[in-house]
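One structure below.
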Amino acid sequence: MAAGGRGWFRALALGVSFLKCLLIPAYYSTDFEVHRNWLAITHSLPLSQWYYEATSEWTLDYPPFFAWFEYALSHIAKYFDPQMLVVENLNYASRATIFFQRLSVIFTDTLFIYAVHECCRCVNGKRAAKDILEKPTFILAVLLLWNFGLLIVDHIHFQYNGFLFGLMLLSVARLCQKRYLEGALLFAVLLHFKHIYMYVAPAYGIYLLRSYCFTANNADGSLKWRSFSFLHVTLLGLIVCLVSALSLGPFLVLGQLPQVISRLFPFKRGLCHAYWAPNFWALYNAMDKALTILGLKCNFLDGTKIPKASMTGGLVQEFQHTVLPSVTPLATLICTFIAILPSVFCLWFKPQGPRGFLQCLVLCALSSFMFGWHVHEKAILLAILPLSLLSIQRAKDAGIYLILATTGHFSLFPLLFTSPELPIKILLMLLFTVYSFSSLKSLFRREKPLLNWLETIYLIQLVPLEIFCEIIFPLTPWKWHFPFVPLLLTSVYCALGITYAWLKLYVSVLTERISVRQKAE
């Protein structure tokens, strides 16, 4: 990024940091207590008890690097309020505790800010603009730094996604800069902070194999097999092994690796979260509900044998569908693998450099979101943030981004269900959405419209849906008999948009023609 451009980037970073500080008194979810408990566990107990401690229901279920991260934070937390570090102090939330945990998220976001800066440096200058507000780098910086979903999930709901996405975006930037070993190291470290990023590991693995382990292509773009570098493979293998040994080694020595794995992959939690993530399984569950109601009306089903509020009563245990076949963890794994496979093939057989890698990364993230086991709605950010990098490059990707970001961000609304946060989430969502549409429309004003009329109508319908869920429905008697209806409608309607964006991106990638220059690269 040019020296003259550093002023506006600092202004954006400081502005969003100030906003985060204003959100410190806001509502926080049970995730606040989750992380307070992890602070207490790692500070008060020896390493051998970290993954066995179960005083609280919020047991430690993140990889070891994140546990060590909590351990490091705990040594600062003791100067704010030592009582937050007592394992038995369940649901402890003094003012000092709230202040410390909120500040810890804001401070660790520094890594995210740096990663965004590095990503902006990777943007080419083909679309030069006199006005700084129309520069692709400026638009990208706003889309990432001021991302609505990240703001409400981390700084209201409460989580540490900012610095984790910082690690991911920094690894992406390093790969774009052809600093492959740095990118591989950062991603390996990220996996041992939060294992949800395993979903995009195929994109990293194939891209590194294709671009780093094989050092040359033929003139027609096919792989030159003789260019294989055993040294490069060895270096990548060493990075993975050393990071894994540093993370899991202590627990392997203690004989606790199976216990750690069981905490990281708790399959007994069930197919869906209490609030269905807007994916394929939400549509599947809704279809099962509709068929169940139809079956009862037509006397095809026995009402006494059907459990009440089976999937929408807030429970997250294993569940058996009534009409459609029940889904197992293995079935979701197979579906996810099949969904990811075409994008991986494209990355291998139709290489397009960093752009192809980003496309594959987004498709891997979306495919796992669509078909994964017990997916949280917050996981949609894993696709939205990297898609931001593609949205400033081509009008087609910008259109897909607008659909996915708008729908995915709207699906996060149920996370903030308290009245004081209602105007905050609506205002922040409107500001970010209006900016996204106006900036990308201005960037691609010489091309055809980013959205067609049907896509526009679909997105506009989110407004009456929100009015019904937040204002009309609570005033009706249905609120007491069918309390799950707003969540059901939000999940299913957003699932349609996210599924459409996923399919549209896949069609775009599969049908895209590769130029001669791209093949040579």
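Cβ atoms are placed via backbone N, Cα and C, with glycine included.
According to TrEMBL:
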TRANSMEM  7-28  transmembrane segment
TRANSMEM  98-116  transmembrane segment
TRANSMEM  137-153  transmembrane segment
TRANSMEM  183-209  transmembrane segment
TRANSMEM  229-254  transmembrane segment
TRANSMEM  330-350  transmembrane segment
TRANSMEM  356-375  transmembrane segment
TRANSMEM  423-444  transmembrane segment
TRANSMEM  456-476  transmembrane segment
TRANSMEM  482-503  transmembrane segment
Selection from 137-153, 330-350, 423-444, 482-503, the stretch that has most Cβ pairs under 8 A to the transmembrane segment (456-476): 482-503
Maximum Cβ pairs under 8 Å to the transmembrane segment (7-28) - stretch from the list 98-116, 183-209, 330-350: 98-116
Stretch of maximal Cβ-Cβ contact with the transmembrane segment (330-350) [cut-off: under 8 Å; candidates 137-153, 183-209, 229-254, 482-503]: 183-209
